[in-house]
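Here is the structure we will look at.
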Amino acid sequence: MKPTNEPKKPFFQSPIILAVLGGILLIFFLRSFNSDGSFSDNFLASSTKNVSYHEIKQLISNNEVENVSIGQTLIKASHKEGNNRVIYIAKRVPDLTLVPLLDEKKINYSGFSESNFFTDMLGWLMPILVILGLWMFMANRMQKNMGGGIFGMGSAKKLINAEKPNVRFNDMAGNEEAKEEVVEIVDFLKYPERYANLGAKIPKGVLLVGPPGTGKTLLAKAVAGEAHVPFFSMGGSSFIEMFVGLGASRVRDLFETAKKQAPSIIFIDEIDAIGKSRAAGGVVSGNDEREQTLNQLLAEMDGFGSENAPVIVLAATNRPEILDPALMRPGRFDRQVLVDKPDFNGRVEILKVHIKGVKLANDVNLQEVAKLTAGLAGADLANIINEAALLAGRNNQKEVRQQHLKEAVERGIAGLEKKSRRISPKEKKIVAYHESGHAVISEMTKGSARVNKVSIIPRGMAALGYTLNTPEENKYLMQKHELIAEIDVLLGGRAAEDVFLEEISTGASNDLERATDIIKGMVSYYGMSSVSGLMVLEKQRNAFLGGGYGSSREFSEKTAEEMDLFIKNLLEERYKHVKQTLSDYREAIEIMVKELFDKEVITGERVREIISEYEVANNLESRLIPLEEQAS
């Protein structure tokens, strides 16, 4: 949706501005009257002069004034000079000789009220009117931005414009299964009569689910582009505003506009903003505006009056588990299409799409980049290509080289390299032992990812060093020994500090937290312990947003104590095993630490070389895990 380009009115044609100016003029006009309805002297005078009371009395004594008006706090004396009338105004002071003096000089005098009914009323009403005017002005501006006036309830019609996307399926890569699922939708939209003649009902809606950055919006645009139909897009949060009923009104307007241009596609991004379940834990939620909007969406998707106007609703979310069951039933969202993170081949194809227009050197190997980026989404890969191009430009290079791509991958995974951050030799030594411990355990533990690089250069906000592990492929299942291997690798850093420095630091805090979470999952969710057996103790949170496990406790205090004891014992058992492994390879780790201290970075190949040379020199049986067994 794009806002229409409506001509703006000139500033002084705004009704609110004109009303304010009119009110100011009215005040000046009403102030020209006395309380008896006659024009005030100030209005008839050519000029007024503020003088002292003594001067006014002197003018009266010299017979230089014609009329005197006496108020409660002011005294006015008028004097005519040729064709001009001058009014002298002074603060009144208690003076019993004034009236006798006026009688003696035979000067006309009278009393006057210093305020009148009109100005008194305006004095009370004007602040209220100003506040009301400002509120109406701000509310009107806000509602215009939302698609309507203050009393127009923000009609969505002014915001809706149909797009004709130029995106095609060929512009997408890495989601072949998802594309196959929606190809049929394109056929429905192109040839609706073919299916109508067979008595088939066209699907009302397709829900695209998957992690952030996997191309759900792009896929929806590609469907519209392939079918050559109008594409209406709106974010879920755009339906709900401060006025109750506005969301339902916008849903009606959106579907009405789409039906007029049918066949067409409506795309609702982040539909969980309006489609959240109305009951959570058996208690009905109380957001009336969202519920009205959802009810209207359900009614529209039931297709009242739309049998001959094929409008297909595509929606995207990364939180399908919280959507209302009424929204998910057949007849509304008939299908769910998983748009997942790409596998190795998918990443290669996505990289090929994003390198179009980028000048690449001959040494660029996209397969190697794809191996380094397991678990990343399409948006991450696009960012890596762009970051590599920026790095090449920053270094005044004419082409993007493989090194730029590798640096971009590391930057995306570990954060920006902080070469300016100076750490003391003592801390540098601690970090070198810590990262060497991670690297050695990773290379000698079956089921762990292969080491690609070890660095003690600070990166990101907190990392003083890092070990870059690159799994050969995405993992969809984890066996128990693989979880144990991950725990061992996480404990390797702290164990190395303990073995070689005989003192531990705070650098392993995140490693310990992650190791604890893995064991907690084994106990409470995966049924991999004697504590729970096959019983699930906690529910997993959002699968696509990485929410971990729920905090609701569905077990007794005794079970909680047993769980804590199991986690503690397993951590101690694996820590003891890791310390023993590092002690067995003490000299190899010392060599690794020295090279890290001198060079700051060593490759995974060099790590494996150091371990292998140590084993040969000491006639040890190799404990290095071969590549084909590394993640099996």
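Even glycines carry a Cβ here, placed using N, Cα and C.
Worth saying up front: this structure is predicted, and the values here are computed from it rather than measured.
Annotated features in Swiss-Prot:
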type: TOPO_DOM; residues: 1-9; note: topological domain 'Cytoplasmic'
type: TRANSMEM; residues: 10-30; note: transmembrane segment
type: TOPO_DOM; residues: 31-116; note: topological domain 'Periplasmic'
type: TRANSMEM; residues: 117-137; note: transmembrane segment
type: TOPO_DOM; residues: 138-632; note: topological domain 'Cytoplasmic'
type: BINDING; residues: A173, G213, T214, G215, K216, T217, H354; note: ATP binding site
type: BINDING; residues: H434, H438, D511; note: Zn(2+) binding site
type: ACT_SITE; residues: E435; note: active site
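Sequence features, as recorded in Swiss-Prot, placed on the structure.
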residue : record              : Cβ contacts under 8 Å, 6 or more apart
A173    : ATP binding site    : P342, G346, E349, I350, K352, V353, G378
G213    : ATP binding site    : A377, G378, A379, D380
T214    : ATP binding site    : N175, V339, D340, K341, P342, A377, G378, A379
G215    : ATP binding site    : M172, G174, N175, V339, A377, G378, A379
K216    : ATP binding site    : L208, V209, G210, D269, A316, V339
T217    : ATP binding site    : S233, F267, D269, A316
H434    : Zn(2+) binding site : G465, G493, R494, A496, E497, S505, G507, A508
E435    : active site         : V454, S455, I456, G465, Y466, T467, G493, L596
H438    : Zn(2+) binding site : V454, T467, V489, L490, G492, G493, A496
D511    : Zn(2+) binding site : L490, L491, G493, R494
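Less than 8 angstroms from the CB of H354 (ATP binding site) sit L381, A382, I385, N386, each of them six or more residues away in the same chain.
One way to see the shell of the Zn(2+) site is to take the Cβ centroid of H434, H438, D511; the remaining same-chain residues with a Cβ within 8 Å of it are E435, G437, T467, L490, L491, G492, G493, R494, A496, G507, A508. For the topological domain 'Cytoplasmic' (1-9), the model's average pLDDT works out to 46. In this structure, D511 (Zn(2+) binding site) is part of a helix by DSSP.
Of the residues the record lists as binding ATP, namely A173, G213, T214, G215, K216, T217, H354, the two whose Cα atoms sit farthest apart are 17 Å from each other. When secondary structure is read from DSSP and collapsed to three states, E435 (active site) falls in the helix class.
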